[in-house]
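Undergrad: Got a structure for you, questions after.
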Amino acid sequence: MGKGDPKKPRGKMSSYAFFVQTCREEHKKKHPDASVNFSEFSKKCSERWKTMSAKEKGKFEDMAKADKARYEREMKTYIPPKGETKKKFKDPNAPKRPPSAFFLFCSEYRPKIKGEHPGLSIGDVAKKLGEMWNNTAADDKQPYEKKAAKLKEKYEKDIAAYRAKGKPDAAKKGVVKAEKSKKKKEEEEDEEDEEDEEEEEDEEDEEEEEDDDDE
């Protein structure tokens, strides 16, 4: 979020993010000169959050609601700089980029890891999944790679149809040139979108964690 337009409204924070921020401020007041081990600190915050009552979490949930309202209000009046509009505001009707083989693997094994190690932080779960994938034999990776390839093939057909529908003249002209630049662009976008997918997952995991605790 450090990149891009400095005038863009700050992203909305979850109740858990407000809680972690408060913990960090408390820690700084008590130990102003101490360095913070991030993974250790995150683990302690996660454990403390799980033991909190719904009433204690209430103030952070109120802060999150107020921040969400602030973000939505500011986004209504925000005008992105030229050239950024296309990237920042994606068409909801556009075909969704397919998941990678690793992402499909994570979707299958994440619930198992969370079930076996409920105390693990989101970062530790991601690290464990990365280790598991690296230690998985090439033959065992094949089903995920085949599925990812099929989904990518479908996506390419869908996106070609979507682009042709949106720009009929462009579909007739310069197809060969467009294909070359498209491939390069998609390779770059793949990396960005995998990061987006991981961020989305982290947010989902955070919300799941909060929902589980509220129950």
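For all residues, glycine too, the Cβ spot is worked out from N, Cα and C.
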Undergrad: Determine, on the basis of Swiss-Prot, the cysteine among C45, C106 paired with C23 in a disulphide.
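TA: So the cysteine that Swiss-Prot bonds to C23 would be C45.
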Undergrad: Hey, which of K55, K82, K96, K177 does Swiss-Prot call N6-acetyllysine?
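TA: The N6-acetyllysine feature in Swiss-Prot corresponds to K177.
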Undergrad: Test of record reading: of K127, K146, K150, which one does Swiss-Prot tag as N6-acetyllysine?
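TA: That would be K127, per the N6-acetyllysine annotation in Swiss-Prot.
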Undergrad: Quick one: which of K87, K183 has N6-acetyllysine in Swiss-Prot?
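TA: Candidates were K87, K183; Swiss-Prot attaches N6-acetyllysine to K183.
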Undergrad: From the list K12, K57, K147, pick out the residue that Swiss-Prot labels N6-acetyllysine.
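TA: Going through K12, K57, K147 one by one, Swiss-Prot annotates K12 as N6-acetyllysine.
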Undergrad: If you run through the motif 'Nuclear localization signal (NLS) 1' (27-43) with DSSP, how many residues end up as helix, strand and coil?
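TA: Residue counts for the motif 'Nuclear localization signal (NLS) 1' (27-43) by secondary structure: 10 helix, 0 strand, 7 coil.
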Undergrad: Looking at the modified residues C23, S35, C45, S100, which has the shortest Cα distance to K8 (N6-acetyllysine)?
TA: C23
Undergrad: For K12 (N6-acetyllysine), what is the secondary structure by DSSP, using just helix, strand and coil?
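TA: DSSP call for K12 (N6-acetyllysine): coil, neither helix nor strand.
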Undergrad: Looking at the modified residues listed here (C23, S35, C45, S100, C106), whose Cα lies nearest to that of K128 (N6-acetyllysine)?
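TA: Nearest listed residue in space: C106.
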Undergrad: I'd like the Cβ neighbour count for S35 (phosphoserine), meaning other Cβ atoms within 10 Å of its Cβ, all protein chains included.
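TA: Total other Cβ atoms inside 10 Å, all chains included: 6.
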Undergrad: Quick check: of the modified residues listed here (K30, S35, C45, C106, K127), which one has the Cα closest to that of K12 (N6-acetyllysine)?
TA: C45
